[in-house]
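Asker: Pasting the feature list from Swiss-Prot:
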- Cys169-Cys217: disulfide bond (DISULFID)
- Cys262-Cys310: disulfide bond (DISULFID)
- Cys354-Cys394: disulfide bond (DISULFID)
- 35-144: domain 'Ig-like V-type' (DOMAIN)
- 147-234: domain 'Ig-like C2-type 1' (DOMAIN)
- 240-327: domain 'Ig-like C2-type 2' (DOMAIN)
- 335-410: domain 'Ig-like C2-type 3' (DOMAIN)
- Asn61: N-linked glycosylation site (CARBOHYD)
- Asn104: N-linked glycosylation site (CARBOHYD)
- Asn111: N-linked glycosylation site (CARBOHYD)
- Asn199: N-linked glycosylation site (CARBOHYD)
- Asn209: N-linked glycosylation site (CARBOHYD)
- Asn268: N-linked glycosylation site (CARBOHYD)
- Asn303: N-linked glycosylation site (CARBOHYD)
- 1-34: signal peptide (SIGNAL)
Amino acid sequence: MGPLSAPPCTQHITWKGLLLTASLLNFWNPPTTAQVTIEAQPPKVSEGKDVLLLVHNLPQNLTGYIWYKGQIRDLYHYVTSYIVDGQIIKYGPAYSGRETVYSNASLLIQNVTQEDTGSYTLHIIKRGDGTGGVTGRFTFTLYLETPKPSISSSNFNPREATEAVILTCDPETPDASYLWWMNGQSLPMTHSLQLSETNRTLYLFGVTNYTAGPYECEIRNPVSASRSDPVTLNLLPKLPKPYITINNLNPRENKDVSTFTCEPKSENYTYIWWLNGQSLPVSPRVKRRIENRILILPSVTRNETGPYQCEIRDRYGGIRSDPVTLNVLYGPDLPRIYPSFTYYHSGQNLYLSCFADSNPPAQYSWTINGKFQLSGQKLSIPQITTKHSGLYACSVRNSATGKESSKSVTVRVSDWTLP
């Protein structure tokens, strides 16, 4: 590339320097026809290395030249400029401290970073005939050598045909394109294999033996390409969805035994039980048999209706059954009669209601002084008199549990009538 010599005089940009630059820009004419070219040496440069933007076929009789970062010629993108008369270098806002400009217009960038990639524009100002300068604009794009990529995965051990996997090609590299390979072939696009907009991320839906890999990704730019090591997903056998069998879905409270069994049976799984969405705690009331696959409730209460679920697990994960809820039969409890007051006056209306906790709902009946009055929860007598005084009893019965209960109140009616 020939010897390079840096000019002895360097300056950071000043207002006076900006005015000079602006003056030069004001006299720009259409580009020169000189075949100026720019090449990067070395053509492939890694991050942290140095690169020289070497200028070929530089015209003679130059006034100076200006380097810009990007293709926009403004102060913000101004890196450095060289003025031939006086061998003066000026620096602009885009100067990072790592750029060195030489008298042959070549630009050295040291310790290259990702931020240095992209386009660079060289403006060459040639001496004119006294009326202005002739300028040429030449653009060059710098690319870093692509790093060797690696593939990261949201899950290297997916369940067969049930789980989605996200593969990502790392690192994210500016001004580069991404390619994917499966089984050494370019990636077929199907409903189960989809790429992100940038191609950097690959989505696999319902992984099967066919789509388990191996996968490779490639990062490519105009000067280099690098491919990752192959990655193959460890496809796990699909877990069968468990289900619960039970000896009695309608147990009687504090009387019947309920036995739950988690199916299917396998020595390769562990079994977990869930009650109301929470892991079933260890309790002396609850018995577990055959490695937790069978759950026994010796005497069910109304607070243990569920829902119950069982889960089968291997070392990679698990799957739960559909919920099962018990229909616990209970009651009737001791009934309650409303309202609680028992003193009335002749001419008032008597309204009494009876309620008892029971599943299924209890049957209700009323007696007055031991004589059957009616069936139902409510009793009403309009315009009562003293002859309605007596013992009012509400009886409740649950035919499913075979239990009965009753409650009575004494009603007293005075012969004083309301005005």
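Backbone N, Cα and C atoms are what each Cβ position is placed from, and that goes for glycine too.
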Asker: Can you tell me how many other Cβ atoms are located within 10 Å of the Cβ belonging to Asn199 (N-linked glycosylation site)?
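Answerer: Step by step: centre on the Cβ of Asn199 (N-linked glycosylation site), count other Cβ atoms within 10 Å, giving 14.
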Asker: Rounded to an integer, what is the Cα-Cα distance in Å between Cys217 (disulfide bond) and Asn61 (N-linked glycosylation site)?
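Answerer: Cα of Cys217 (disulfide bond) to Cα of Asn61 (N-linked glycosylation site) measures 50 Å after rounding.
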Asker: May I have the DSSP-based helix, strand and coil counts for the residues of the domain 'Ig-like V-type' (35-144)?
Answerer: 6 helix, 55 strand, 49 coil
Asker: For a three-state summary based on DSSP, what are the helix, strand and coil counts in the domain 'Ig-like C2-type 2' (240-327)?
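Answerer: Its residues divide into 3 helix, 38 strand, 47 coil.
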Asker: In three-state terms from DSSP, label Cys217 (disulfide bond) for me.
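Answerer: Going by the DSSP assignment, Cys217 (disulfide bond) falls within a strand, counted as strand.
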Asker: Closest of the recorded positions to Asn303 (N-linked glycosylation site), Cα to Cα, picking from Asn209, Cys262, Asn268?
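Answerer: Closest recorded candidate to Asn303 (N-linked glycosylation site) by Cα: Cys262.
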Asker: Please report the distance from the Cα of Asn209 (N-linked glycosylation site) to the Cα of Asn61 (N-linked glycosylation site), rounded to the nearest angstrom.
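Answerer: Approximately 70 Å lies between the Cα of Asn209 (N-linked glycosylation site) and that of Asn61 (N-linked glycosylation site).
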Asker: Cys394 (disulfide bond): which of the recorded positions Asn104, Cys169, Asn199, Cys262 is the nearest Cα neighbour?
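Answerer: For Cys394 (disulfide bond), the closest Cα among Asn104, Cys169, Asn199, Cys262 is found at Cys262.
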Asker: For the domain 'Ig-like C2-type 1' (147-234), would you mind checking the mean pLDDT of the predicted model?
Answerer: 92
Asker: In whole Å, note down how far the CA of Asn268 (N-linked glycosylation site) lies from the CA of Cys310 (disulfide bond).
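Answerer: So the Cα of Asn268 (N-linked glycosylation site) lies 15 Å away from that of Cys310 (disulfide bond).
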Asker: Relative to the Cβ of Asn268 (N-linked glycosylation site), which residues of the same chain, six or more apart in sequence, are found under 8 Å away?
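Answerer: Asn268 (N-linked glycosylation site) has long-range Cβ partners Asp314.
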Asker: Using DSSP with the three-state reduction, classify Cys394 (disulfide bond) as helix, strand or coil.
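Answerer: In the DSSP reduction, Cys394 (disulfide bond) maps to strand.
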